[in-house]
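Below: one structure, written as structure tokens.
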Amino acid sequence: MKGYRLLTGAVVGVLATASLIAGAQAAEYPTKPVELIVPYAAGGGTDLVARAYADATKKHLPQAMGVVNKTGGGGAVGLTEIMAARADGYKVGMGTVEITLLPHMGVARFSVDDFTPIARLNAEPSAITVKADAPWKTIEEFLADAKANPGKVRIGNSGTGAIWHLAAEALQNKTGLTFNHIPFDGANPAVTSLLGGHIEAVSVSPAEVSSQVAGGQLRMLAVMADERSKAFPDVPTLKEKGIDLSVATWRGIVVPKKTPAPVVETLRKASKAAAEEPAFREQLAKMNLTWAYADGPEFGAAMQKDNAFFKDLMTKLGMAK
Amino acid sequence: MHELGMLMNGVATLAANPMALLLSLVGVALGIVIGALPGLTATMGVAILLPFTFGMDPVSGLLMISGVFFGGVYGGSVTAILLKIPGTPAAAATAMDGFELTKKGMAGVALGTATLSSFLGGMASILVLIFLAPVLAGFALEFSASESFALAVFGLSIIASISGKSVVKGLIAGFLGLLIATVGMDPMGGFPRFTGGYTELFNVPFIPVMIGLFAAAEAFKSMEDPKVRLGMAAALGRIIPPWATYKSLLGVVSRSSILGIVIGIIPGAGSDIAAYVAYNEARRFSKTPENYGKGELGGVAACEAGANGCTGGALLTMLTLGIPGDAVTAVMLGALTLQGLQPGPLLFKEHGDLVFTLFAGMIFCYVGMLVLGLGSLRFMGRILQMPKSVLTPVILALCVVGTYAINNSLFDIGIMLAAGVAGYFMQKWDFPASPVVLALIMGPMAEANFRRALSLSGGSYDFLYTRPITAVLLTVAILTMLLPLVKRWRADRAGASGGAAAGPLEASK
């Protein structure tokens with residue numbers, strides 16, 4: 001693999017020079033396999049979405065996509081690599097909501113404007129979930145209790161500065177309540193702690209608690225989305241309850257900013273077709289993930305909106321640098 | 001016995017599915033290879049294999065993955081014993097005594113013991129998984145942050161017993177490991193510490209450090225004297241340990257298996273911790289604790305039984321609660337979900353037949369591992385006959401490739417080489433490497449959970465003594481830390497008055 005890359009590296013150099021002269025390369029893009037950088041470990045949710053997507057593009061691109069995991073720094077290492085890649089379309093990336101989070105914390109060299117969005121593939125809202133034997137049957141009761149006992153209600157999240165922490169902070173900010181935020185090393189340990197009764201609630205996505213909710217051990221009180229979740233149609237949204245708040249994580253394909261327009265066009269077309277493949281949608285459904293395709297411009301607008309929202313929130317929290 | 005009937009049905013279903021049996025054997029073989037290569041861990045093997053199982057029927061796919069998991073945990077021991085290259089963090093514990101045995105010319109018996117103990121530990125854990133899963137499911141939930149903190153402190157207290165010749169040098173090495181463990185993302189605050197602006201340092205680069213300290217350092221050392229073959233004895237000797245020898249190890253193996261199972265059930269604790277804890281307890285209960293670290297079969301047996309005991313424990317938590325306790329089971333959880341099986345409380349009710357077919361397959365996987373392991377050892381042992389001038393560059397190349405494979409990162413290779421140089425000088429000056437590895441595993445766990453426990457309790461320190469599991473573990477930790485010191489101090493006094501001068505320089509040659 002390494003040797004192959006060195007070899008192709010040399011070929012790319014020649015090709016790139018040639019294309020500058022001929023200017024015809026874009027029309028033929030892609031002429032060699034495309035690398036898909038995933039900023040998280042193999043086997044995780046982001047990785048599985050990426051692999052399903054790479055598989056689905058086979059029919060719609062003349063060349064294969066290969067997934068390469070570049071982990072570390074809560075996604076910062078991989079996202080930096082995507083940002084810094086040669087803008088020729090042969091290194092595309094699986095962008096995640098962290099693009100709009102990490103820059104504000106001063107831990108990333110990139111900002112949301114360093115990427116050109118291609119297609120959003122998946123999005124998951126935050127949800128407030130409690131134990132099934134907890135006294136709160138509705139989100140109103142839960143919030144009322146939190147109001148009566150400021151700082152007593154412990155909400156577990158997947159790490160400080162991670163999306164589910166910010167979701168809980170946003171809820172606190174919107175409602176004027178005070179929670180005790182407990183960071184865990186990922187969503188799973190937070191759910192374990194909730195099951196054991198060591199915390200009162202979690203703010204992770206419905207997918208991450210679905211088996212325990214189905215098994216009757218946990219109860220989901222509300223989702224932070226514009227619409228109800230298809231998997232849990234009985235769970236109300238915060239909007240229905242008069243709290244105008246939706247926070248979601250998302251995953252989608254991005255490329256470096258300066259990628260030429262024809263390449264972006266090709267990728268957008270292929271991504272749309274791949275996202276609409278029944279096999280891809282089926283794969284997501286099997287993983288309890290929500291299909292949320294959005295084309296480049298729409299995806300870009302959502303990214304900008306999130307970026308402004310989180311910048312504002314993190315400045316209020318004193319986390320922004 | 002309801003479970004026994006179900007298991008028999010499972011065996012019957014499995015016997016009618018030769019493809020699944022074949023694929024599980026392929027999985028085990030792949031797992032052993034992956035485990036033996038430094039840097040490639042069971043987690044990575046399972047993750048890489050996952051996409052290939054999409055097209056298979058659930059039983060075949062999941063058994064292949066289980067095979068990789070089991071084989072991966074065991075495979076690390078082979079290179080750890082033969083070459084002091086721990087393929088996995090747990091095997092770093094096996095290397096302590098395993099490589100000493102190889103130096104003594106007892107590589108064969110060490111490998112055989114490791115294989116048998118892995119098998120017994122793994123089998124015990126699968127049997128517990130089959131028959132006691134519902135009973136033990138709740139245990140994992142008792143573990144909150146304070147209990148995990150106490151477990152990590154207990155783990156750290158083991159440093160004294162794995163220090164080798166000098167406890168002081170072991171403590172220095174452990175302290176160094178704790179310092180390294182503070183580099184990276186602050187576990188509670190979410191901001192980077194001591195990273196010098198490198199995003200690569202946000203996560204403690206643990207495996208590169210381990211590969212460097214053990215494998216690269218050993219390779220550097222062997223360059224000093226290129227003519228001699230690695231180790232004194234190229235002969236492998238007999239592989240299956242004589243019954244009389246192994247019988248004396250059965251106590252160690254059963255104790256270690258139980259420890260492994262319990263630690264496996266605990267979320268966030270895996271085979272690395274189990275191997276060290278099992279080693280420590282084996283030494284504690286041994287009649288000849290002074291032999292540990294100098295090539296004691298019991299040390300090898302304990303580490304391997306403990307590490308493989310974890311497999312069933314980790315699966316138990318994942319299957320019954322739908323919560324993965326470690327990275328491997330997290331990927332396996334994904335695999336189950338993709339096959340349309342939602343792990344969690346409903347799994348046993350809705351898919352009982354399939355679950356028990358899987359259990360039957362897991363037993364088959366372990367039997368396969370025993371056969372494949374014992375069968376391939378003679379072949380693997382040939383490594384020892386390779387001339388050093390060939391073997392040393394191969395080891396170094398493996399270190400580099402393996403390190404790169406973890407994160408596809410050149411930066412990690414730099415860390416590995418730096419750790420290798422440090423490890424070389426540590427060997428020269430008699431500083432043990434294992435405490436560094438142990439501190440790197442336990443340090444972040446202790447810190448994060450201590451601070452999380454404080455958050456959970458609203459800033460009160462009461463959790464240190466009001467929670468029973470925490471209090472017990474902390475007490476055991478303090479005893480573990482102090483007893484060897486007291487014993488040594490007593491022995492020193494007795495030795496000094498008796499005038500028997502123990503040779504402090506027990507040269508390795």
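Just so it is clear, glycine is given a Cβ too, placed from its N, Cα and C backbone atoms.
Those TrEMBL annotations? Automatic predictions, nothing curated.
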B:137-156, B:197-216, B:417-436 - the one TrEMBL records as transmembrane segment: B:197-216
Interface check, the transmembrane segment (B:167-185) with the transmembrane segment (B:197-216), three or more C-beta pairs under 8 A: yes
Stretch with greatest number of CB pairs under 8 Å, the transmembrane segment (B:356-377) reference, B:21-50, B:62-85, B:197-216 candidates: B:62-85
Chain residues in Cβ proximity to the transmembrane segment (B:21-50) (below 8 Å; excluding those fewer than six residues from its ends, i.e. six or more beyond): 14, 56, 60-61, 63-79, 85-89, 91, 207-208, 211, 215, 326-328, 331-332, 334-335, 338, 361, 364-365, 368-369, 372-373, 376, 398-399, 401-406
Dominant neighbour of the transmembrane segment (B:389-406) in B:62-85, B:106-133, B:258-279, B:314-336, by Cβ pairs under 8 Å: B:62-85
Same-chain residues near the transmembrane segment (B:62-85), Cβ under 8 Å, at least 6 residues beyond its ends: 20, 23-38, 41-43, 45-46, 49-50, 52-53, 56, 91-92, 94-95, 98-99, 101-102, 107, 110-111, 114-115, 118, 122, 211, 214-215, 218, 230, 271, 300, 303-304, 307-308, 310-311, 315, 328, 331-332, 335-336, 339, 358, 361-362, 364-366, 368-369, 372-373, 377, 380-381, 383-384, 391, 395, 398-399
